[in-house]
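What follows is a set of notes on a single structure, which appears directly below.
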Amino acid sequence: MHNIFKGLITALITPFKDNKLDLYALERIVKHQIKHEVDAVLIAGSTGESSSLSFEEYKLLLQTSVEIVNKCIPIISGCSSNNTTYARALAAESTKIGVDGFMASPPSYVKPTQHGIYKHFEALHEACNLPIMLYSAPTRSGVDFSDETILRLSKLPRILALKDCGVDLERPLRIRATVKKDFNILTGNDEVVLAFNAQGGVGWTSVASNIVPNICKELLEKWNKNDTKGALEIHQKLLPLYTALFVESNPIPIKYAAHYLGLCENEIRPPLTEASDSAKKQIENIITSLSIKI
């Protein structure tokens, strides 16, 4: 099975207007990614406010994204839930709609054991025939995969990758030493992309690339061509942007940044709230200093 989980994957925001999906803005957002040749887009992940979506909204979001992309790049859907039955339904619907793969985290809040995490993903694996990326987000889930559980899950034929949002930079080396060769490991933290890939990662699921996909793509291309100096120069330039985009809970800052650049409304669903005035100012200043334009 072809492994689509590599390179630059943008964790897309979900645009809203008047508390409904803004499909016109979604088209702008997705086409901006296609224009700059990202390797894939992730729909309805944490950055996409997936927990705020109804099942009908989830289906509409995926269906519209598939139509817009029209097979130009792979689409990855988020299928995280603390209810295994509901997560299976998301995976089955993703398959029916025609996405290219999906991502899921361990069930949040309920704090399953490692055996429970394994059984959850085994159930998702059985629910569809799509490639799957594990999503390690311990600060959001409250639990994480152990190295042993990752190894067990990697033996299931369609579990092909791990997106790691943790801070253990030795983990890619440890995992790489045990899993099958075609199992990919990507970082979900913009600020550690180079350090992570130096330790065995093969890509990056990025928040910042919602607004600077061209720069993020250039950074990764330089890294992959062994132009370490060039990659570091770009990374250093982007560090203040990474900081600004996480000055408050994701996706609050990136939603405002996208709004400021004309991609969408600055509408975010409760219990999240709009960026504070100080956060807005910080975001505006870095966008101006980097001359970011859409």
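Using the three backbone atoms N, Cα and C, a Cβ is placed for every residue, glycine included.
Under DSSP, Ser46 (site 'Part of a proton relay during catalysis') is assigned to coil, being neither helix nor strand in the three-state scheme. Long-range Cβ proximity for Ser46 (site 'Part of a proton relay during catalysis'), meaning a same-chain Cβ under 8 A and a gap of 6 or more residues, is found for Ala11, Gly78, Ser80, Ala137, Arg140, Asn250, Pro251. Among the features that Swiss-Prot reports, site 'Part of a proton relay during catalysis' is placed at Ser46 (among others).
Annotation source Swiss-Prot lists pyruvate binding site at Thr47, Thr205, citing sequence analysis. For Thr205 (pyruvate binding site), other Cβ atoms within 10 Å of its Cβ number 29. Thr205 (pyruvate binding site) falls within a strand segment according to DSSP.
Swiss-Prot lists Tyr109 (among others) with the feature site 'Part of a proton relay during catalysis', giving sequence analysis as the kind of evidence. In this view, Tyr109 (site 'Part of a proton relay during catalysis') is surrounded by 9 other Cβ atoms within 10 Å of its Cβ, with every protein chain counted. Tyr109 (site 'Part of a proton relay during catalysis') carries neither a helix nor a strand DSSP state and counts as coil.
Within the same chain, residues at least six positions away from Tyr135 (active site, proton donor/acceptor) with a Cβ under 8 Å of its Cβ are Gly45, Gly78, Ser80, Met103, Ala104, Ser105, Leu162, Lys163, Cys165, Gly188. Per Swiss-Prot, active site, proton donor/acceptor is recorded for Tyr135.
Marked as active site, schiff-base intermediate with substrate by Swiss-Prot on the basis of sequence analysis: Lys163. In the three-state DSSP classification, Lys163 (active site, schiff-base intermediate with substrate) falls within a strand. For Lys163 (active site, schiff-base intermediate with substrate), the Cβ neighbour count at a 10 Å cut-off comes to 27, with all displayed protein chains included.
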